[in-house]
Amino acid sequence: MGHPYAPADLEVPGFVPLQLSQSQILVTYIGASLFVLLVVWLISGRCGRLSKIDRLLMCWWAFTGLTHILIEGPFVFTPNFFKKENPNFFDEVWKEYSKGDSRYVARDAATVTVEGITAVLEGPASLLAVYVFSSPA
């Protein structure tokens, strides 16, 4: 069975088609993201000294950090995500994302390296920024 990636002659040995629809992936991702934003917003509201801008920045950095760690991390550390017979949500995200940029399913070395840096360094650094905002001055 073929794959949905361009170019059509791209070799994707063992490819297993998506089991989740694009809308299922988006609804789950958007729902989880809104939940994170709501939780950070509510918790940051307990710190009376934080401005709304600070709280918004905390929401952004939490969203960014968790996205880098939880979405990009599995891509970097699961090279066979497109072969799994019982894929998890993150495998399905990357199979869908690869439709727009086949370097991901092809495991392009530069792409994997950049995603690895963001998952391992930028993600935790973003969560550190949330902590810094919440710390007393």
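Heads up, the Cβ atoms here are built off N, Cα and C, so glycines get one too.
Database features (TrEMBL):
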- 25-44: transmembrane segment (TRANSMEM)
- 53-137: domain 'EXPERA' (DOMAIN)
- 56-77: transmembrane segment (TRANSMEM)
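Mean predicted confidence for the domain 'EXPERA' (53-137): the pLDDT average there is 96. Helix, strand and coil counts under DSSP for the domain 'EXPERA' (53-137) come to 60 helix, 0 strand, 25 coil.
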